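What follows is a set of notes on a single structure, which appears directly below.
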Amino acid sequence: NLTLYPGHHPSTFSSSPPSRMLWQYICLFGQRLVSRKTLEPMEGQMTCHLNTFDLVIWGVGTTLGVGVYFLVGAMARDIAGPSIVICFLVAALSSVLSGLCYAELAARVPHSGSAYLYSYVTVGQLCAFITGWNVILSFVFGTAGVAKAWSATFDNLIGNHISRVLQENFSLNMPQLLAKYPDFLALGLVLLLMGVLVLGVDVSALVNQVFTGINLLVLSFIIISGFIKGDLHNWQLTEEDYKLAASRTNHTYRLGPLGSGGFVPFGFEGILQGAAFCFYAFVGFDVIATKGKEALNPHRSIPLGIVIALSICFLAYFGVSAALTLMVPYYQIQPENPLPQAFFQVGWAPAGYVVTVGILWALSFRLLTNMLTTAHMMREMADDGLLFRGLARIHGRRDTPILAVLATGTLLGILTLLFTFSDLVDLMSTGTLLSYTLGTFSVLVLRYQPDQNFSKKEKVEKEIEMDPRYEATPLESVPEAETSNIRKSGQIVYGCAFLLVLLLTILSLILAQWPSRVFSGDLGSTTGAVLLLLLITGVTVIIWRQPQNPTPPPFKVPALPVLPVLSIFLNLYLMMQMTSLTWAQFGIWNAVGFAIYFGYGIRHSVEENRDQQLAASNSQTLDEHTPSAGSS
């Protein structure tokens, strides 16, 4: 019913020619895509009890996990060698830039919530759905990777008997698309924890601190022991060392590639490709930005907590990867279980068993918390009507979204059963990078927009003021005149920001796919890259010259627009390092998401129904302000 949209009435459409009616329908459809969520008043006042230390512990606890225990092995052996420590530095830099942008985005919204909520309130529905859908991708595929890692660790502890039996009897024979065998052990673990979540559990700050402390103790033990048993010669390996190792190698495992040897055996390309995969290791820090209403001094503690948490995680990754590559030549690392096997290879078998138990302990907690977070993310989107409403149903006294938990467990079970660990990591990294890019884009454009009203009451009053039948007095029109420049600036920045993302995507694609041509002086490639850089610089200057909103947010990203532009470029460049298979799988996931959104979510959105109810009630209010035809 077109009368339900604010500012539109039946006469508007009945008297319009077909072409104009089509244009109005398109405009209305566009308005639905960018409709923002209005926040309801919070029931009671949330207690502020988290200091900077608490936020750092939350960030470290949700970030340190399978990346530090498994990713280092695969990346060092086949992609980066000892230079994996530089890969982690690049990934950490990208994460810090995105984290600061998340901090500003969270500071703009007077509620605690996820990146999905912040996007919905500040940018609009479509951007929020894409962000939320890819956050779900990140959690689901990342959690499946944790389950696969737990399975591999436990199997290695008992002599790899489970994997041998499964591979002999249940081989899938599709190495390019699926795992070598269905991982029933990982499936059983997921189903077990799904049952635990259905019964109702929660993770308190104290429990998180305990498990984070245990995790850090295990990592400290690995780093100290690794440096004690390490040999600097393993960062200076040559072809002679490789041949000698090959002659001594038994047939239980094969050597990895040598590359060119030395500290950077696979070149600059290996470092950048490794950084794209290492980004997986820093996923989870954004939980700090969601604690705004629980923090004692959020404007200071949130950005400080993000930087400190990422610094601690980087030092942990740096120490573990350095210890691993110093203990064992990178081509002798066993990626299925790198850290315990490294201790076995240097003759410290008891240390290997201690590390294995610590890894199982840490991964179990991470798996439980990730499954719970994924279910709550589904519930949040279902509450807004963008996903199927049944996922938001709460059962029992422990506030457990059982259908969301069951959906999460079912999807996780399929992924852990059929996909390889590397495929899960690639997809998870791609989805996370896209979510961070959207968040950074939002910060870039929002700084140049007029002040936004987040509450339901303010939204109603704003719609009444904007209706053409309401005659504003000169005094009431002053704020509109004062914000006209900012609105014009905001429109310019929106257009420039979209153009900037397009140019950065093209540049990232060129640098990722044809780096040798660009840096070797190839006329076409180098000229194209230079022209793109000039255009990007020009568009950035145009954005910089626009007047910003004079009302600053509680926390501001420094050096805007340069820092967000740099963050978007790094994220896009790391995304371009992914394989074509990863992009195909990523496209399928998002195609399913768009089918759900346009087939269900856009029609059942709570905000859409609320806008219709507000418009219906506003119509009567506006009529009361409209003078009658016979009045003088």
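Any Cβ shown, glycine's included, is placed from N, Cα and C.
TrEMBL labels come from automatic prediction, so no person has curated them.
Per TrEMBL, domain 'Cationic amino acid transporter C-terminal' is recorded for 555-605. Secondary structure counts, DSSP: the domain 'Cationic amino acid transporter C-terminal' (555-605) has 39 helix, 0 strand, 12 coil.
Marked as region 'Disordered' by TrEMBL: 613-632.
Feature annotation from TrEMBL assigns transmembrane segment to 55-76 (among others).
Per TrEMBL, the feature transmembrane segment maps to 82-103 (among others).
Sequence-distant contacts of the transmembrane segment (115-141) (same chain, at least 6 residues past either end, Cβ-Cβ under 8 Å): 32-37, 39, 102, 105-106, 108-109, 283, 286, 289-290, 370, 373-374, 377-378, 380-381, 384, 386, 408, 411-412, 415, 424-425, 427-428, 431-432, 434-435, 438-439, 442, 445-446, 452, 454, 586, 589-590, 593, 597, 601-602, 605, 607. TrEMBL lists 115-141 (among others) with the feature transmembrane segment.
For 184-203 (among others), the entry in TrEMBL reads transmembrane segment. Sequence-remote contacts of a segment are chain residues at least 6 beyond its ends whose Cβ falls under 8 Å from one of its Cβ atoms, and for the transmembrane segment (184-203) they are 144, 147-148, 150-151, 154-155, 162, 166, 170, 367-369, 371-372, 375, 396-400, 402, 405-406, 408-409, 412-413, 416-417.
Below 8 angstroms of C-beta separation, residues 57, 60-61, 64-65, 68, 316, 319-320, 322-324, 326-327, 339, 342-343, 348, 351, 354-355, 358-359, 361-362, 365 of the same chain, each at least six residues beyond the ends of the transmembrane segment (210-228), sit close to that stretch. Positions annotated as transmembrane segment by TrEMBL: 210-228 (among others).
The transmembrane segment feature in TrEMBL is assigned to 301-328 (among others). The list of residues near the transmembrane segment (301-328) in space but at least 6 beyond its ends in sequence, with Cβ under 8 angstroms from a Cβ of it, reads 50-52, 55-56, 58-60, 63-64, 67-68, 72-73, 75-76, 81-82, 84-85, 88-89, 92, 95-96, 99-100, 102-103, 106-107, 216, 219, 222-223, 225-227, 229-232, 234-235, 278, 281-282, 285, 288-289, 291-292, 295, 338-339, 342-343, 345-346, 555.
Taken from TrEMBL, the feature transmembrane segment covers 348-369 (among others).
The annotation transmembrane segment is assigned in TrEMBL to 427-448 (among others). Using a Cβ-Cβ cut-off under 8 Å and counting only residues 6 or more beyond its ends in the same chain, the transmembrane segment (427-448) has close neighbours at 97-98, 101-102, 104-105, 108, 115, 118-119, 122-123, 127, 130-131, 134-135, 137-138, 141-142, 145, 276-277, 279-280, 283, 286, 486, 489-490, 492-494, 497, 501, 543, 546-549, 553, 556-557, 560-561, 564-565, 567-568, 571-572, 574-575, 578, 582-583, 585-586, 589.
The annotation transmembrane segment is assigned in TrEMBL to 492-514 (among others).
Per TrEMBL, transmembrane segment is recorded for 526-545 (among others).
Residues annotated as transmembrane segment in TrEMBL: 557-576 (among others).
Feature annotation from TrEMBL assigns transmembrane segment to 582-600 (among others).
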Near the transmembrane segment (557-576), which same-chain residues lie under 8 Å Cβ to Cβ, leaving out any that are not at least 6 residues past its ends? 90-91, 93-94, 97-98, 100-101, 103-104, 272, 275-276, 279, 429-430, 433-434, 436-437, 440-441, 443-444, 447, 500-501, 504-505, 507-509, 511-513, 536, 540, 543-544
Using Cβ distances below 8 Å and needing 3 or more such pairs, separated by at least 6 in sequence, tell me whether the transmembrane segment (348-369) contacts the transmembrane segment (582-600). no
Residues outside the transmembrane segment (526-545) whose C-beta sits under 8 Å from one of its C-beta atoms, at least 6 past its ends, are 444, 448, 492-493, 496-497, 499-500, 503-504, 506-507, 510-511, 517-518, 561-562, 565
Considering only Cβ pairs within less than 8 angstroms, which of the stretches 82-103, 492-514, 582-600 has the most against the transmembrane segment (55-76)? 82-103
Chain residues outside the transmembrane segment (82-103) and at least six past its termini with a C-beta under 8 angstroms from it: 72, 75-76, 115, 118, 234-235, 263-266, 270-272, 274-279, 281-282, 285-286, 288-289, 302-303, 306-307, 310-311, 313-314, 317-318, 321-322, 325, 330, 436, 439-440, 442-443, 555, 557-558, 563-564, 566-567, 570-571, 574
Counting only residues 6+ away from its ends, which parts of the chain sit with a Cβ under 8 Å from the transmembrane segment (492-514)? 272, 437, 441, 444-445, 448, 525, 528-529, 532-533, 535-536, 539-540, 542-543, 546, 565, 568-569, 572-573, 575-577
